[in-house]
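This report concerns only the one structure given below.
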Amino acid sequence: MVDDSTRKTLSNIPLLQIRAGPREKDVWVQRLKEEYQALIKYVENNKQSGSDWFRLESNKEGTKWFGKCWYMHNLLKYEFDVEFDIPVTYPTTAPEIALPELDGKTAKMYRGGKICLTDHFKPLWARNVPKFGIAHAMALGLAPWLAVEVPDLIEKGIITYKDNC
Amino acid sequence: MSTAIDELQAIIAELKTELEEQKTSTRIARERIERMSAEVVDSNPYSRLMALQRMNIVKDYERIRDKAVAIVGVGGVGSVTADMLTRCGIGKLILFDYDKVELANMNRLFFTPDQAGLSKVEAAARTLSFINPDVVIETHNYNITTVENFDKFLTTISESGLQKGQPVDLVLSCVDNFEARMAINAACNENNLNWFESGVSENAVSGHIQFIRPGETACFACAPPLVVAENIDERTLKREGVCAASLPTTMGITAGLLVQNALKYLLNFGEVSDYLGYNALNDFFPKMTLKPNAECDDRYCLQRQKEFQARPQPKEQQIDEVVSNEPLHASNDWGIELVAEDAPVEQQTTNTTNVASGLRLAYEAPDKVDVNQSESAAVVNAGLPETSLDDLMAQMKSM
C-alpha cells in the first residue's frame, strides 16, 4: 500500500504530538510550530537527497496554506500552484490539497482542483492522528499524485512545458 | 407608412405585456396557503398528505409546518431530499452548499440543464419555492469546513429555527466527503442537535443513512465510518481515471430512506432506523444500532454521553404504542422469535467494532494504546530549543 521509498521518506519526517485544531486558539499555535518544524525538516531532507519538490507558506493564523510544487519529467520542470485550507476538524481529517490550475483537466480531481487521493490515504491518516501533519499529507498525498498524473497529463498534451519556471 | 409603424409598435407593446405576464405567471403557480386543509379536491396540494391522519398513520400532520430542517450539501441526495420535504410541506429549509450546478450533474435528479452555472443553493431555492411557496427557504453558499465559515454554520443551525433564536429541528447531512461530515458531527455534538448522516458509495452501488443523537447513539467520530460491504473483489474494482461514479437510482433511494426516517422522527410515527444500509447489487438492507464510544476523540461527544447517562432512561415500549389486546400475530409458522433489545449489552467500546452482517468499518480503528508512543521515528520538538512561530515561518519562507 505504501512503497518502500515513500516509507523511507515518511520515517524521516518528524512526527507531531499535539492534537489541536485551528479553533483551539492557544494550543493551535503549538501545533502550528510542530507543523513548521516538520515541514522544514522535510524540505531539508528533500534538498539533501536532491528531490526538492515543493515550498509552502501560510497566513498568520496557519489556516490557509499556499505555495508551489514542481515535478521533473524528461529533465523539464513542471510547476504548479498549491493551496489548501486547514479544516476545522484538523488534524482528525487531513487537509484537502488543491492544484487549482489543473481543475477540469483530469478526472482525478474534485471540484476546485482538490486532488483525488487513493483509498489508502484516509485510513492511513486516520490511524496516525495526531502524529501526521501537513508534511506527511504532502509526502503521502500530493507526491504520489503528481508522480502518476503529471506524466499522463504531459503525454496527453493537456499540460505543456513553460519556459519561465 | 407611418400607420404601419404605429400598428407594429402596438403589436410589440401587446407582445411585451403578454411576455411579462407569461414570465410572472410561471414563477408563481399558486398563492401561499394559510392552513393545511384535509379537503379532498384536485386543487388542494395537501389533501393526500392530510389523508395520512385519516388512515391513522400520522397524528396531526400539520405539525410539519412548525419544523425547520437544515440540509447540508445540495447534490444528488440533498437536492432530492429538499424536493421531498418541500412537497411534504415542511415549515422551513436551510440549504448549505458552495458548489455550482454543472452539466456533469445531469445524471442525477432535480437540477435541469438550464440551471448550469447557477449556485446549487440558488437554483434549488428557485425550484423549491415554485413547487411549494409555503416553505420558507434560506440559502447559504459557503464551505462549512473552513474556520471562518464553520462559526457561521454553528450559529445558523442553532438560531435559525422557525422561531428566531431557536435551533433547527433536524440536520440532514447530504455531503460527499469525510471532512464535511466530521464538521457537521462536531457542530451537532457541540449544539446537541440530532442529525442524519447519509451517503452513497463512490462506485454508486450502495448507500446508507445513520441517525445520530449526541450521547445516545455513536457519533460520526466514535468509530471509523460504517460502510455497506459490497463483496466486490478489490482487485477487480477499476478506479483508474475517475474519482466517483453515480446513479440517479441509488441517490434517489438513499434520499427516500433519509426523508422517510426524517419524517418518522419529526412527526413521531413508526420506528426510526439508527443505521440503515442499502446494497444495490443484491438488494440487501442491513440495519443496526451503534452505541457511542466511551473513548471518543470528540470531547463534546463525551459530554453528551455523560448527560445522556444522567437522564432517566424512558421505557421506549410504552410510548406511542397503539393500545391493542389482540395478539400481534396469532400464528407463528416460522418460529420467529423476538429478542429483547434491552438484553444485557457488552462493553460499549467493543460494541462499535461488532457490526451487523453485510456491513463493515471503512478501516481499522486506530489502536488507542499506541497513540502516545513515538516508536522509532523522530518526534518534533525533541531536544530542540524553543523557537517562536514567527522565526519558523521566516525560516520556511527563506528556504
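Backbone N, Cα and C define each Cβ position, glycine as well.
Site annotation (Swiss-Prot, ligand ATP) includes B:GLY76, B:ASP97, B:ASN143, B:ASN177; from B:LYS16, B:LYS59, B:LYS120, the additional listed residue is B:LYS120. The binding-site residues near B:GLY76 (ATP binding site), taking a 10 angstroms Cα-Cα threshold over the set B:CYS219, B:CYS222, B:CYS296, B:CYS301, amount to none. Taking each of the binding-site residues B:CYS219, B:CYS222, B:CYS296, B:CYS301 in turn and counting other Cβ atoms within 10 Å of its Cβ gives the largest count for B:CYS219. A Cα-Cα distance of 24 Å separates B:CYS222 (Zn(2+) binding site) from B:ASN143 (ATP binding site).
Counted over all residue pairs in B:GLY76, B:ASP97, B:LYS120, B:ASN143, B:ASN177, the record's binders of ATP, the longest Cα to Cα distance measures 17 angstrom.
Between the binding-site residues B:ASN143, B:ASN177, the minimum number of other C-beta atoms within 10 Å of a residue's C-beta occurs at B:ASN177.
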